[in-house]
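What follows is one structure encoded as structure tokens, with my remarks underneath.
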Amino acid sequence: MRAFLLTILLLIAQPLWAQDLGAVLDANRDQIAKPSRQTIGPVITEIAAAGEGADRVLAAWADRRLGLAGDRFVIVEGDSATDAVTGESVTGDVDGLRPNSGVRGLIAAALVQFQLTDPDPVRRRAALTAIARQSDESHLAALREAPAESDPILAARRDRLERLLTIQYDTDTDARLAAIDSFDGDAGTDLQAVLNPLLATTRFAGPELPADANVARALTPDSENLPRAEAYRLLVDAGLAEPRPTDADIKAALTANIAGDAVGGVPVADLGDPDRRDDAYTALAEAGTVPTAATADEVDSALEANAFADLFTEPSSEITDAARASLRGMQTREGIMQALDLSLDALSLASIYFLAAIGLAITFGVMRVINMAHGEFIMMGAYTGYVTQTMIADRTLSLIVALPLAFAITFGAGVLLYQLVIRHLVKRPLETLLATFGVSIALQQLAKNIFGTQARPLTAPAWLEGSITFADGVSISTIRVAIFVLALLFLGLFLFLMNRTRLGLQVRAVTQNPGMAASMGINPDRIAMMTFGLGSGIAGIAGVAIGLFAKVTSELGSDYIVQSFMTVVVGGVGNIWGTLAGAALIGGLQKGIEVLNPSNTLAAQTYMILFIIIFIQFRPRGIMPQRGRMAEA
Amino acid sequence: MGLRAILLGAAAVSAIAGAAAAQDGDTIKIGVLHSLSGTMAISETTLKDTVLMMVEQQNAKGGLLGKQIEAVVVDPASDWPLFAEKARELISVEGVDAIFGCWTSVSRKSVLPVIEELNGLLFYPVQYEGEESSKNVIYTGAAPNQQAIPAVDYMRDELGVEKWALLGTDYVYPRTTNTILEAYLKDNGVAQEDIFINYTPFGHSDWSKIVADVVALSNDGKQVGVVSTINGDANVGFYKELAAAGVSADQIPVMAFSVGEEELSGLDTTNLVGHLAAWNYFESADSPENAEFIEQWHAFTGDDSRVTNDPMEATMIGFNAWVAAVEAAGSTDTDAVLDAIVGVEVPNLTGTTAEVLPNHHLTKPVLIGEIREDGQFDIVSQTDPVPGDAWTDFLPDSAVLDADWPGKDCGMFNTETDSCVQVQSNY
Amino acid sequence: MFIRKDPSILVFLAILALFTIGATLMSEAYGSGALPTSMIKVLGKTLCLALAALAMDLVWGYAGILSLGHMAFFALGGYMIGMWLMYARTGEIVSATLSRAAIPPTPAELQDGIASQIFGVVGSSDLPLAWTFAGSLPIQLILIVAVPGLLALVFGWLAFRSRVNGVYLSILTQAMTLALALYLFQNDSGFRGNNGLSGLQNIPGLTDVPQADISIWFLWASAGALALAYVLAAWLVSGKFGSVIRAIRDDESRVRFLGYSVEGYKLTIFTLTAMLCAIAGALYYPQAGIINPAELAPIASIYLAVWVAIGGRGRLYGAVIGAVVVSLLSSWFTGGRAPDLSLGFYTIDWVDWWQVLLGLSFVLVTLFAPRGLSSLIDLAARLRHPSRRGRDLGPDVGALREREAKA
């Protein structure tokens, strides 16, 4: 009875084409069950116009809560399901509908008209977001007609959107110009997104420019912007000139006209020579069997007879001028932003290299012991982080546990390696290199045997997810900032340790003159062991950090080992500031080269290494060489 | 004296070898050429297990031609020259009648000359870049027109993508796929400046700049879509960076060709929900065959958490097609099997059938899946089976080429000049 | 005559000859067929690796330059021969196809055809500049030694001139091979990127000859090259040149103060060994059938050092023994043919554990047997070294050690 009354009411309230929601859904059941973005538009419009309950159905559909139970549509709420039209609860199997994200975008756009007037600010915000994502002409009217916004933030957003939509859809040129002007000094990406399409051009070629054309720029053939061949091709495409035969065309024409053993008087056997082919073709053309190829003169005259230009698709020149002026103003700002963003990336990469190399700088720089297993210590740290995370579910807590644990484990491993291998090879650096390499391949394979070759997840806690945005287009992920902070922390720790503690003093003494240090009562062996353990321990912490932003695999270490060595060597051995400079140079260089050739990251790495090889030829002791008697050791 | 001893020894060894060869009569041998160690082990070991499972099932059904099937497993250790060496060993020493193996394109290219020289038979189960059709290989994975092209169509039609970022690892599959896609998109009216292509090394981890570049693409108001042929581990860093940049699937959808159930298990998928992948099979496919296959797989491996994936389905189809062809031919002789196998139809796991075509590719349905929170895929689109095209129609050089083994006895037939370019493959 | 001073040369040559004859007599092409063709190929490849190890021993064991980039020269040699093999083979196919057309092809068409066949698979169809001479076997044969030789010369000149030595040089050579590998990995550089050059076992002009024959010819060629290189190396190290490079290894500054041009000697040996490696590579890859940039990965060069270290540095036969034993063992273990070792509670699958074993044994050899496997031969020949092990008695370099002090 109620449903009947409702129907009556709806019939009165709605225009004649509006139908009952249930009827609309039923009529379009197949389409709704398997929607395609290209064809579903009218159905969504129809549902949206079906009155009472339509917004609920659409919202559920977009959230993938709409389903089919038998042949009736139901809305799923948690475990329970209700009929989409009547609202009564439904039991039984529900076949969930899964519209793809293109369709969901359309639904969200259709929902805007309901949501804009919704009392709930969350809904209103969703509506604005939907418009920002995908707008159409109707939204402009909807925005203008909606009641005044009470929430100041939403009001500002709505106002901005309204002006953006005015630029796009308004029919009144003055209103559009005013809207463009109102954004003066703004460089938002959403504004660029609106202005750029206004400047879209098409290329024109013909005897005369159309009278009402909004010309972006006139083109002269055979210039940099319009090469001769390209210009002629435009004419051919426009049907204004005859195409010139390609080599393949000539060959086909010759093949088709073989007479006996010759074509156009040229023996077939001679046709391997390109000049003879031309002769044959010319002969055929003179005989009239094939069309004459356009000569260079003919091409020239055809090019001269026609005009070439880029035309705006936007007919109003006032609009395009305004848009162009506005965009030009943004360009400088844009360039600075990009440079800033790039420096952030470079800084982040440098801090990662620094973190990976700092342990190595200690062992290699201070002890002259080259540890090829350093990369595997990094890997051990990363796996420690992974194992900790599998045991402690809380990610923040597990990270707090994992960092010291990784340090402890790799510290122990380092001390063990020192005791078992390195101290027996102290005066033989090349042998140390090889022996530690043996350790490295054994450790790597061991990791594969234990954890498998697949990448393991090591996920950052929620507060490290996301990114920090400084301005439009200048942002960096939080985890990278954390790594940067960690690198700074270790720099400070290292400086403190070396310059302010007794251990540091002893280490420096042993580095400078082990014999004299031993005479002063320092045990060089113990100091070396501690140093080595410390370097390894830091590698372990670096491993956790690297695992957080990249991946945890058994090859993690070998990915960084060469770069780490480069960092230390380029910076200058035995000097932490050198390592810092080396990391900055390598990180900056890599990003710099990437900008020059954005489509090929591999090339950037290649040229970076090449640069380093050459750099070392000229500064064999690095950026900050050690001075004094130690230098030649 | 020394020489005589060696000669005697040689004679003795060859006598033993001869005796061993004579015993082969009561079993049919097949070779399994998948890396069990090295970088590719994680992917390929699963396929080795799949073949072993199929062999076990077939033997339980009474074998083939009244004989038991014996699988000879070798390990080419992700080392490309070793693939050729092991393939030669399998065919000439072990005398196998068919080989199931290879994953990467370079391993296939390594094996190809050996297989063709010794007239072997290889079933290759992975989606690949196409531009190849060998007499001795059955390609049971997808050709570009069975994965890349429909996926791009989907993004254009369903997601409204107007601007494309083609990101790939720098090797032949992404290179060729992207070349084909670039030509295809341009044919469809996409301007050169709306296509951004980038290649990164294997295992790349520093994605911040590339992700920023992709995000910046949308500044001009066009809907941007990413087509990812990024391989293996590098995906972890890529998706992490994407999530960190706050890019949702609604803003910039990513369509991956090399990310399946197996790869997702290394990731926290909560931030990836809604991103896409294109395959010919997903574990979530709703069909009785698939349910049965998954159950058998869990029983065979004794591990309920093992996922199934697209190359496994391709391996299964390849094995069943081979069995059907051998039964039809009544022999395991390569030429007889190759004659019989064209036209063979076997059911796939998504409710349709796969037919072996004259160009040695299969018909396959194309499925598009959206990543779910649990690391599985929601199938949002499924086509009818598409015949695989060995030579893509979207590059001018290969558009004129055709492969037709039973008809023209040629895998690279130029339809323009009406002549066979070459019978053996160019590797 | 230097051979008389060192009888091990004759012994080595005799063993090599016996091995080659034995392999020939057991081959499928010329003998009983006991050794399948795939095995002949393995043996031939092993000889090439032994040749590379010999070069590594010269530069490291004798001259003390631990180069971690010699496999780059090896692979470059392979690339040079591979370019000709691919070009010529594809040329045969393309000209056969084109000659079926009514009109004979122009040279440009022929070249375009070859280029699109070779590079079509990686989405390009132009012949890169580096392939200019690929059609000519003599030039490409010269390039096999010229390109790696020149690279070694330039790199060595730069490095030695600025006194980069010790571990610095090792890292620098490693960076060199990494840069080269990354360069070749790029498709744009015109060497087919990750796919590399393949089908190299099919020799142009010999398409009708079975692989069984070709494999044994390559075995002979590899054995011949190894024998020649061994004699050359033995001759080099036996004379004054040998004394000087050993002196450089032991104390570079002292040799320099004696008036020798240390850089010149180092450069000579570096370049020469690079060329030897290149020849080894040029013989290796036609047997392997495929070359791709992974062959230049830094790890490959480190393995070369591992072979030499395990075999025994400073002994020419040591390098050969190391390369043969370790590479054959390696392929035996990773091939899945080694029986699993059951420990009761855990079964050791050698496919998984071989690398661990190799790594650890490498550490042990470095620690306890610096002369590697060749110390076994020393033992048999009753050669003893003064033992310098034990604790240092003083903290400085070269201080007496406990055991020496007692002796």
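Backbone N, Cα and C atoms are what each Cβ position is placed from, and that goes for glycine too.
As given in TrEMBL:
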type: TRANSMEM; residues: C:42-61; note: transmembrane segment
type: TRANSMEM; residues: C:68-87; note: transmembrane segment
type: TRANSMEM; residues: C:137-160; note: transmembrane segment
type: TRANSMEM; residues: C:167-185; note: transmembrane segment
type: TRANSMEM; residues: C:214-237; note: transmembrane segment
type: TRANSMEM; residues: C:257-284; note: transmembrane segment
type: TRANSMEM; residues: C:290-309; note: transmembrane segment
type: TRANSMEM; residues: C:316-333; note: transmembrane segment
type: TRANSMEM; residues: C:353-381; note: transmembrane segment
Next on the checklist: Can you work out which residues elsewhere in the same chain, 6+ from the ends of the transmembrane segment (C:290-309), have a Cβ less than 8 Å from its Cβ atoms?
Outcome noted: 49, 52-53, 56-57, 60-61, 66-72, 74-75, 78-79, 82, 173-174, 177-178, 180-182, 184-185, 191, 193-200, 318-319, 322-323, 326-327, 358, 362, 365-366, 372
Item to check | Cβ-Cβ under 8 Å with the transmembrane segment (C:353-381): same-chain residues at least 6 beyond its ends | outcome: 306, 308-315, 317-318, 321-322, 325-326, 330, 333-334, 338
Checklist entry - So are the transmembrane segment (C:316-333) and the transmembrane segment (C:42-61) touching or not, going by 3+ C-beta pairs under 8 A with a sequence gap of 6 or more? => result yes
Checklist outcome for this item: Highest Cβ pair tally under 8 Å against the transmembrane segment (C:42-61), stretches C:68-87, C:137-160, C:214-237, lands on C:214-237
Next on the checklist: Three or more CB pairs closer than 8 Å, sequence separation of 6 or more: does that hold for the transmembrane segment (C:257-284) against the transmembrane segment (C:167-185)?
Outcome noted: no
